[in-house]
């Protein structure tokens, strides 16, 4: 199961995955993606 949390460091609107993923990895998560509706950067890691 993956735990999901909004990135604390990603600025602005999330349009492409790579910069979001990079921010998430810096925050000790394993991956990150953009939310479809609100365009937020969401970080994921195994719980």
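FYI, residue positions are counted from 1 along the chain as it appears here.
Glycine is no exception: its Cβ is also placed from the backbone N, Cα and C atoms.
Under the heading 1,2-diacyl-sn-glycero-3-phosphate 2 binding site, Swiss-Prot lists 4, 33, citing experimental evidence as support. Sequence annotations record features per position, and here Swiss-Prot assigns 1,2-diacyl-sn-glycero-3-phosphate 1 binding site to 36, 39. Look at Swiss-Prot and you will find 3-47, 14-34, 20-41, 24-43 tagged as disulfide bond, backed by experimental evidence. Among the features that Swiss-Prot reports, site 'Required for formation of double helix' is placed at 15, 37, with the record citing experimental evidence.
Checking each of the recorded positions 4, 14, 43 against residue 37 (site 'Required for formation of double helix') by C-alpha distance, the shortest gap belongs to 14.
Rounded to a whole number, the distance between the Cα atoms of residue 34 (disulfide bond) and residue 24 (disulfide bond) is 11 Å. A C-beta separation below 8 Å, combined with a sequence spacing of at least six in one chain, links residue 3 (disulfide bond) to 44, 45, 46, 47. Cα to Cα, residue 4 (1,2-diacyl-sn-glycero-3-phosphate 2 binding site) and residue 34 (disulfide bond) are separated by 12 Å.
Among the recorded positions 33, 34, 36, 43, the residue whose Cα lies closest in space to that of residue 15 (site 'Required for formation of double helix') is 34. If you take the C-beta of residue 43 (disulfide bond) and look for same-chain residues 6 or more apart in sequence within under 8 angstroms, you find 4, 5, 6, 7, 20, 23, 24, 27, 29, 31, 32.
Neighbour density at the Cβ, taken as the number of other Cβ atoms within 10 Å, is lowest among the recorded positions 15, 20, 34, 41 for 15.
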